[in-house]
Amino acid sequence: MTSRSVCEKMTMTTENPNQTVVSHFFLEGLRYTAKHSSLFFLLFLLIYSITVAGNLLILLTVGSDSHLSLPMYHFLGHLSFLDACLSTVTVPKVMAGLLTLDGKVISFEGCAVQLYCFHFLASTECFLYTVMAYDRYLAICQPLHYPVAMNRRMCAEMAGITWAIGATHAAIHTSLTFRLLYCGPCHIAYFFCDIPPVLKLACTDTTINELVMLASIGIVAAGCLILIVISYIFIVAAVLRIRTAQGRQRAFSPCTAQLTGVLLYYVPPVCIYLQPRSSEAGAGAPAVFYTIVTPMLNPFIYTLRNKEVKHALQRLLCSSFRESTAGSPPP
């Protein structure tokens, strides 16, 4: 069965006999030859396993170690949970499409759910990076005010607000996208349901959607990025005033990991969402990096340069090993 014949079964007739609407979509996915499908499946399985295991390990470490009680580690736990979920929204469906042609099919409702979940998690991560930058600004530039400003209650409230704003932001985009009429074709030239490739299939005017998407990038994403940049300008200025090189390195070390994460988060989406609507080539690589590779890299980025997290991981692994050894019967 070809993708064309599959797509023909994904439309249903409306009250108007001359008009059909799409009931399912066909995710064309990544471009690869059939003989390489098994290799790509194993590659994505490996990446997904590392992503989920790495992020859940960070989450478990932050939640169980009393030495990681600072707000920055509280927010790192939220980031790890977001990355594990973000990878879960996209990668399993990609892997299903690598196995069978039917694995590339997604229902209209399933597409809406995937789009909502992706933008909910990605938007929340965007706001979380801003909160993390503000946390570092207070810790370095306002150290005396920091314990009062970033107490446990404030951390919980700020994290909750980022999740609430992310959910609202995703709901707006999802409702605007799926209020449109989709009457064919049903081929999404992408590996998951995202706003630009889905809008290309709409049979009605998408001007409002495109304006809202550009406004979202201009106001939400750019606004968060500006706040992050301003925070780090003050941070760098404060770090440069520290007299010892060791003090400067200790103060700025957590910030370098955050800056790396911010760059990996912002650069690929800009390449995706700001390219012309008619352009499909070139979107795949940044999208794969943004949705699949970055969530895998974040645990390494935030642990390799952070001695506290590395020591906490060692304590957790050693404790787990001792418990498993003590529980095993003697030879």
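Using N, Cα and C of the backbone, Cβ positions are placed for all residues, glycine too.
Per Swiss-Prot, these features apply:
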| type | residues | note |
| --- | --- | --- |
| TOPO_DOM | 1-38 | topological domain 'Extracellular' |
| CARBOHYD | Asn18 | N-linked glycosylation site |
| TRANSMEM | 39-59 | transmembrane segment |
| TOPO_DOM | 60-67 | topological domain 'Cytoplasmic' |
| TRANSMEM | 68-88 | transmembrane segment |
| TOPO_DOM | 89-113 | topological domain 'Extracellular' |
| DISULFID | Cys111-Cys203 | disulfide bond |
| TRANSMEM | 114-134 | transmembrane segment |
| TOPO_DOM | 135-153 | topological domain 'Cytoplasmic' |
| TRANSMEM | 154-174 | transmembrane segment |
| TOPO_DOM | 175-211 | topological domain 'Extracellular' |
| TRANSMEM | 212-231 | transmembrane segment |
| TOPO_DOM | 232-251 | topological domain 'Cytoplasmic' |
| TRANSMEM | 252-272 | transmembrane segment |
| TOPO_DOM | 273-283 | topological domain 'Extracellular' |
| TRANSMEM | 284-304 | transmembrane segment |
| TOPO_DOM | 305-331 | topological domain 'Cytoplasmic' |
With pairs closer than 6 in sequence left out, are the transmembrane segment (252-272) and the transmembrane segment (114-134) joined by 3 or more CB pairs under 8 Å?
yes
Drop a 10 Å sphere on every Cβ of the disulfide-bonded residues Cys111, Cys203 and tell me which sphere holds the fewest other Cβ atoms.
Cys203
Model confidence over the topological domain 'Cytoplasmic' (305-331) (mean pLDDT, whole number):
72
Helix, strand, coil residue numbers for the topological domain 'Cytoplasmic' (60-67) per DSSP?
5 helix, 0 strand, 3 coil
Report the DSSP secondary-structure composition of the topological domain 'Cytoplasmic' (232-251) as helix, strand and coil residue counts.
16 helix, 0 strand, 4 coil
Cβ-Cβ under 8 Å with the transmembrane segment (68-88): same-chain residues at least 6 beyond its ends:
48, 51-52, 55-56, 58-59, 61-62, 117-118, 121-122, 124-125, 128, 131-132, 135-136, 139, 150, 155, 159, 162, 254, 261, 291-292, 294-296, 298-299, 302, 308-309, 312
Counting only residues 6 or more past its boundaries, what in the same chain has a CB within less than 8 Å of a CB in the topological domain 'Cytoplasmic' (135-153)?
71-72, 75, 231-232, 234-235, 238-239, 251, 254-255, 258
Tally the residues of the topological domain 'Cytoplasmic' (135-153) by DSSP class, grouping H, G and I as helix, E and B as strand, and everything else as coil.
13 helix, 0 strand, 6 coil
Non-local residues, at least 6 beyond the ends, that sit with Cβ under 8 Å of the topological domain 'Extracellular' (89-113):
1, 3, 6, 10, 22-30, 37-38, 40-41, 44-45, 47-48, 51, 121, 174, 177-178, 182, 188, 191-193, 198, 291-292
As a quick check of your reading of DSSP, tell me how many residues in the topological domain 'Extracellular' (175-211) are helical, how many are strand and how many are coil.
14 helix, 2 strand, 21 coil
